[in-house]
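**Student:** Feature table excerpt (TrEMBL):
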type	residues	note
TRANSMEM	5-22	transmembrane segment
TRANSMEM	28-45	transmembrane segment
TRANSMEM	57-78	transmembrane segment
TRANSMEM	98-118	transmembrane segment
TRANSMEM	139-160	transmembrane segment
TRANSMEM	180-201	transmembrane segment
DOMAIN	206-290	domain 'RCK C-terminal'
DOMAIN	295-381	domain 'RCK C-terminal'
TRANSMEM	404-432	transmembrane segment
TRANSMEM	475-498	transmembrane segment
TRANSMEM	529-547	transmembrane segment
TRANSMEM	567-587	transmembrane segment
Amino acid sequence: MDWQIVVTFLVLGGVIGSLTFLRAGADTILMGGLTILVITGVVEAKDAVAGFANEGLIAVAFLFVVSEGIRQTGGFAFTGQQLLGHPKSLTDAQSRVMLPSAVLSAFLNNTPVVAMMMPVISDWAKKMRISVSHLMLPLSYAAILGGLCTLVGTSTTLVVDGLLQEHDNHPGLSMFEVAWVGVPVMIAGLIYLLICSRWLLPERKPAITPMDDPREYTVEMVVEPGCPLIGKTIEQAGLRHLPGMYLMEIDRQDTVIAAVSSNERLAANDQLVFVGVVESVIDLQKIPGLKPATDQLFKLSGPRSERCLIEAVVSDSFRFINMSIRTAKFRSNYNAAVIAVARNGQRINKKIGDIELQRGDTLLIEAHPSFIDQQRNSREFFLVSQVEDSTPPRHERAWIARTILLAMIVMVAFFNVKMIVAAMVAAGLMTATRCCSATEAKRSIDWGVLITIAAGLGIGRAIENSGAANLIASTFIGVANNSPLIVLAILSLITLIFTNLITAKATATLIFPITVAAAASLDVNLMPFVITLIISAAACFATPIGYQTNMMVFGPGGYKYADYLRIGGPLTLIVWILTVIIVPLAWPFHP
């Protein structure tokens, strides 16, 4: 055996072992393995860094920006709340969670979709008296299953597509090509989850419950003239069952409507008085057609998109103690606007400007982040802190962001535009139309993911160049007695095991050269092996560590590692069986 093959196997074993048992990031481990291969001369430097120019990787980077534009404009945020509604059973509740997640994840990166829906679902579950542990893992699994249906559904698909285009000048995958197997797998997976999860998922409390925060803010919102909420009832507008918040009263001209009925219809300039926790105040700002009642917001310097929400506790040394917010000229003195006040769980039945500030009041303030630096060491406030993910959405640009996303999908699906070109144009338009700023666009890119992909591609090149891929492929073929179907099944099974132990992207880049070598040795069509790799690498259900969304729901759902194996193990088996059956039918070995 050539020494280069031995070194490659040693490095590959070390990388897989480190990814499985160490807590270091996948990008660090893969870059370390690639560095060893370069130093030992197994792979040349130019081949090692070639992954950074991979079209799939660059497309992934641009798609991060596209997703950020959707998120910053609240393009689908309130739609998710409306779709959840009022379920009649646990199965109904799970279907309302999984279907939107699967559909959105087919066209957006899975991570922001799950991140966007998690707080909404957590609050909704508490309101509906449903254990959040019955919803969070189905949310993650549905996002993964939905991502299997399109070219842009997962970054893993884009990476493999980029590798495919580099191999023998292949034209690459079309937008919905993987849907031939992805859609049946998704449907089967969702049905399995709806039928079996009620018995396989436990009743557990989340590790952290944001809604346990006792501070309830009183906040006023105004119905903007000309908005789609006008003429709708409170129920139709989705304002009756807001998680963690309730509508206390409506101020309409000189009339106060207390104990608001579900059938009360909204009118322009209605002032809605809500009571709720800070997370719910953030969600309230994401509803198109509602804006904070205080006019001080629009007198602050700088655009709202550059501001955030800040919590600050009034101290004894506050110079405007016992003075109203209006009299204190809070905006002029602090270049900040108070939008809500919490006072030891008491309900404050006053307009924001008329509230007299007292020691210990918690103020919810909209201001530029520089307010935190200016007031952190001030004697006037205690505990000045920024509320996470609280930048007001640019609702007026939501339609632009949705149009850009739709145009990107149409370009790839119907006009044969390359994914990298469509994603580049869409990302550029997101920043040009100010759906997200250039700073937000740069911040949205997950460099760890990109480095993981690029380093994995470099190691994959070493596996191919050293001859290790051919050796592994010939071993599989010998075991399978030259049967393409058995080789396909073995490759799929190994990929499914690896993707649950390491990461989907690392698995795809490491297994791809073996896939190519196997197809070449058998002298059969490469496509069934490539599609199998895409589906198998992305189908990470049995552990929380293989896929980012699985780890995201781990704490909020109160899960244990065994929960993933109990419900994700059979789901993995379903994916394996369906993939091995469907792929050879849709992409024959001998076309």
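From the backbone N, Cα and C atoms, a Cβ is placed for every residue, glycine too.
Mind mapping these onto the model and telling me what they sit next to?
**Tutor:** Long-range contacts of the transmembrane segment (5-22) within the same chain, counting only residues at least 6 positions beyond its ends with a Cβ under 8 Å from a Cβ of the stretch, are 29-30, 32-33, 36-37, 40, 42, 459, 462-463, 466-468, 471, 498, 501-503, 506, 510.
Within its own chain, the transmembrane segment (28-45) has Cβ neighbours under 8 Å at 4, 7-8, 11-12, 14-15, 18-19, 22, 451-452, 455-456, 458-459, 461-462, 465-466, 506, counting only residues six or more beyond its boundaries.
Proximity of distant same-chain residues to the transmembrane segment (57-78), defined by a Cβ-Cβ separation under 8 Å and at least 6 residues beyond the stretch ends, is recorded for 51, 104, 108-109, 112, 116, 120, 152, 155, 158-159, 162, 238, 283, 286-288, 305, 391, 393-395, 397-398, 400-402, 404-405, 408, 419-420, 423-424, 426-427, 430-431, 435-436, 440-441, 443-446, 449-450, 453-454, 457.
With a threshold of 8 Å between CB atoms, the same-chain residues lying at least 6 positions outside the transmembrane segment (98-118) that come near it are 63-64, 66-68, 70-71, 76-77, 79-80, 83, 136, 138-147, 149-150, 152-155, 186, 190, 193-194, 405, 409, 446, 547-549, 552-553, 556.
Among residues of the same chain six or more beyond the transmembrane segment (180-201), those with a C-beta under 8 A of the stretch's C-beta atoms are 90-91, 94-95, 98-99, 102, 133-134, 137-138, 141-142, 145-146, 148-150, 153, 531, 535, 539, 563, 566-567, 570-571, 574-575, 578-579, 582-583, 586.
If you take every residue in the domain 'RCK C-terminal' (295-381) and average the pLDDT, you get 82.
Residues 55-56, 58-59, 62-63, 65-66, 68-70, 75, 107-108, 151-152, 158, 161, 172, 174-176, 438, 441 of the same chain, all 6+ positions outside the transmembrane segment (404-432), place their C-beta atoms under 8 angstroms from a C-beta of that stretch.
With a cut-off of 8 Å between Cβ atoms, the residues of this chain six or more beyond the transmembrane segment (475-498) that come close are 16, 507-508, 510-511, 514-515, 518, 521-522, 524, 528-529, 532-533, 535-537, 539, 572, 575-576, 579-580, 583-584, 589.
Long-range Cβ contacts of the transmembrane segment (567-587) within its own chain (Cβ-Cβ under 8 Å, at least 6 residues beyond either end) map to 137, 141, 180-181, 184-185, 188-189, 192-193, 196-197, 200-201, 484-485, 488-489, 492-493, 496, 500, 525, 527-528, 531-532, 535-536, 539, 541-543.
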**Student:** Looking only at residues six or more beyond either end of the transmembrane segment (529-547), which have a C-beta under 8 A from one in the stretch?
**Tutor:** 110, 140-141, 144, 147-148, 154, 156-157, 160, 164, 177-178, 181-182, 185, 488, 491-493, 495-496, 499-505, 507-508, 511-512, 515-516, 518-519, 554, 559, 561, 564-565, 567-569, 571-572, 575-576, 579-580, 583, 586-587
**Student:** Residue counts in helix (H, G, I), strand (E, B) and coil for the domain 'RCK C-terminal' (295-381), per DSSP?
**Tutor:** 22 helix, 25 strand, 40 coil
